[in-house]
Ligand SMILES: O=C(O)c1cc(=O)[nH]c(=O)n1[C@@H]1O[C@H](COP(=O)(O)O)[C@@H](O)[C@H]1O
């Protein structure tokens, strides 16, 4: 399978496999990775993963596991056995849950990247307070990133607004996978902590998750090319 140097991960948030395949067939695995999330996976099951692997894409399976340690470790192992490049859990599942998952991969010699979601990019500080968290999003992301690193995982999902702080706290090699990416003038939609692609890379994000800015664009390939251009202009 062709590994790519690109930081771009395209979120295939579609209700059926044919729409996901239509975009995948226009994309080039040398230029991006793809993400399969809850909607597509619940519709298609592992068939979507297999179809992307057949096309040469590395796959981020985004099912955000959040359960007791034994259950999540088993789910992470199952994902890795499918050969996915990356899988995620919720950091708020706690240290033992994350350690059990990381240890399972090590024990089996599986190379899948394991990362943890800190605070969803759709949440504002006020919404976070409503869930009982007293600090702001940045403080909670920092706390959970530290816990994630101590638990032996490879990185976090956070917003690009927190990437610089997490780079300082956890180092450059610790993955900072950032959704909530919006090109200038793009509709924010349900996201709250957003950044442009070039600002996100400058802030220290290692990977950018991009969904609707490409999948809902009138011309998805032109939208992707614009984003790639904005990143190479920055370099
Ligand atoms: O884990 C994720 O990928 C994720 C975490 C997060 O905090 N926020 C977030 O938006 N995501 C995912 O990233 C994608 C963002 O999609 P767009 O907002 O359309 O670019 C969606 O597939 C979300 O499920």
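Note: Cβ is positioned from N, Cα and C throughout, glycine not excepted.
Curation plays no part in TrEMBL annotations; they are all automatic predictions.
Quick look at what TrEMBL annotates:
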- 7-227: domain 'Orotidine 5'-phosphate decarboxylase' (DOMAIN)
- 13, 35, 62-71, 121, 182, 191, 211-212: substrate binding site (BINDING)
- 62: active site, for OMPdecase activity (ACT_SITE)
- 64: active site, for OMPdecase activity (ACT_SITE)
- 64: active site, proton donor (ACT_SITE)
- 67: active site, for OMPdecase activity (ACT_SITE)
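Of all the recorded positions given, namely 13, 62, 67, the one with the smallest number of surrounding CB atoms inside 10 A is 67. Contact annotation for recorded positions (63, 66, 67) versus ligand 1: none, no CB falling under 6 Å from a ligand atom. Each residue contributes its Cα atom, and for residue 13 (substrate binding site) and residue 64 (active site, for OMPdecase activity) these two points are 15 Å apart. Taking each Cβ in turn and tallying the other Cβ atoms within 10 Å, the top scorer among the recorded positions 63, 64, 66, 121 is 121.
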